[in-house]
């Protein structure tokens, strides 16, 4: 199924797609975005499941009228802010410079997309 | 007549004047923006000239609908902690948009979601599917806002009767069409920005006033809310609303998944990423939006628990069974109570903010759906890409008029529909039809036209069919048709089933079809989406 397509000459964009530089960029992006997405979705699901099925734990008091449920809810806010800030920093350092370098080296190769190629 | 309605009647003049000021100001902005619109990129994408911060505010404006301001504050005021569960899903969802969707979409698309979905596929079938799903999601969402607006505005103005409610729906519908037709994306974006600032300022002021009453000690506020609710500490724990039965728990899980996966598939949110010049600016706008929306939802906690403590559930339920008026009622109490000038001013101000919120959101929805009709269905399917820019924009304006008219008529006859269920349905369709197709298109090399068409239609049809045969439509006291019972699907939210169906259909559709993906087009999409080469 994954046999190489029978093309004689690869297009210019395919050459960029296969270049070492682009593969590094793709790896930097995917190795951050995919695992982090899986992580925060699971963390959120854990919270939802606890809310449904662990009323005793969620109702336990932490301090004053503040209980575990409220703390966990606020933690979801905190992790959302933290992941956003983490990604912003990561993208600034690991994604933007490579993307800019590729864009500047190949500016003329890709033109505005054709629409309605049919 | 309830206490809210009578004080609303006394100060109707002030409330009307504030409504009027907002409408006038936004119309001036719209006309000003409309005079600068020249090209299709101006109309659809506001000339792509907004900064990350401006667009972040506009995204927040588009997202913080009346359902989140009035609905969540009311849900917390009446159901305590379970109301808060909504806001967590609504916020966490933004990480999906940030990490996977915003930048690739900005880099590889032009005006609509379908630009990305159809990039490496056959244009006509994929654009038709995406256009249909965009319009369906937007109309459900639009109905929710307009039905809510009709009830709410009549309540806030203290006018009663069906006629007043109908005129409100017509007026809101007419205004949203005017914003879109005259102002295009530039005008609509500025309306969102003004609204977001007003909403944050209003909610912020009320939050400070509530906390001040409890010595800025949140625990004291929680205690007061719990004891005033009559439910004690259970009010602060999950379970009051969703914990009753196994079905209601599953319903909550279904809702939670739809909220988290739906946001990044909402067409009126996706088109906002095109209003900034680069992918980096799109990223910045999502970062701003996460900050603004997060702070706003934290404030709704104070508003909801504040309303529970200071207004009381009896007063809230007397004005509106769903709790939608909890926030305006709280404003009146914070200003000094019914009959005082301070109370009247606060009530009028917060009512005007709620009105601004509704108007801005419906304008954003009308723009997204008419843009998809014109750009995807008219220009690329009907005219097969031979329409000029002028013709395309003209058809978008006509589409806005038609969609506005359809929404007005449906809202007039659908006043019994539950607004929250409609919003949940819109999120479920977005998560089941749009998100799987977007993710496969961007990240799965093997994905084909057949896969894209199957995941859109399977997700869309499954969600709609499951809702039709759910307790939302029949078989329960709160159903659309309470007197008949043809429901067999137990959950109100279809996401738990329809989202996996959407993902599976895209996968199976791809494997079963004999179509070969075009490796050159995928390479092009990949390079464009990650580097921004050739971006519009």
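Please read every residue number as a count from 1 along the shown chain.
The backbone N, Cα and C atoms fix where each Cβ goes, glycine too.
Looking at the stretches B:107-125, B:126-144, the one that TrEMBL records under the feature transmembrane segment is B:126-144. TrEMBL lists transmembrane segment at one of the ranges B:14-34, B:224-244, namely B:14-34. Annotated range for transmembrane segment in TrEMBL, selecting from B:375-394, B:395-414: B:395-414.
Counting residues 6+ beyond its ends, the transmembrane segment (B:164-184) has Cβ neighbours under 8 Å at 23, 26-27, 29-31, 33-34, 37, 42-44, 46, 146-147, 149-151, 153-154, 157, 190-191, 358-359, 362-363, 365-367, 370, 397, 400-401, 404-405, 407-408, 411-412, 415 in the same chain.
Across B:196-216, B:252-274, B:344-374, B:395-414, the stretch most heavily in contact with the transmembrane segment (B:14-34), judged by Cβ pairs under 8 Å, is B:344-374. Simply put, out of B:126-144, B:196-216, B:344-374, B:126-144 has the most Cβ pairs sitting under 8 Å from the transmembrane segment (B:455-474). With respect to Cβ pairs under 8 Å, the transmembrane segment (B:196-216) is most closely packed against B:344-374, considering the stretches B:126-144, B:344-374, B:494-512.
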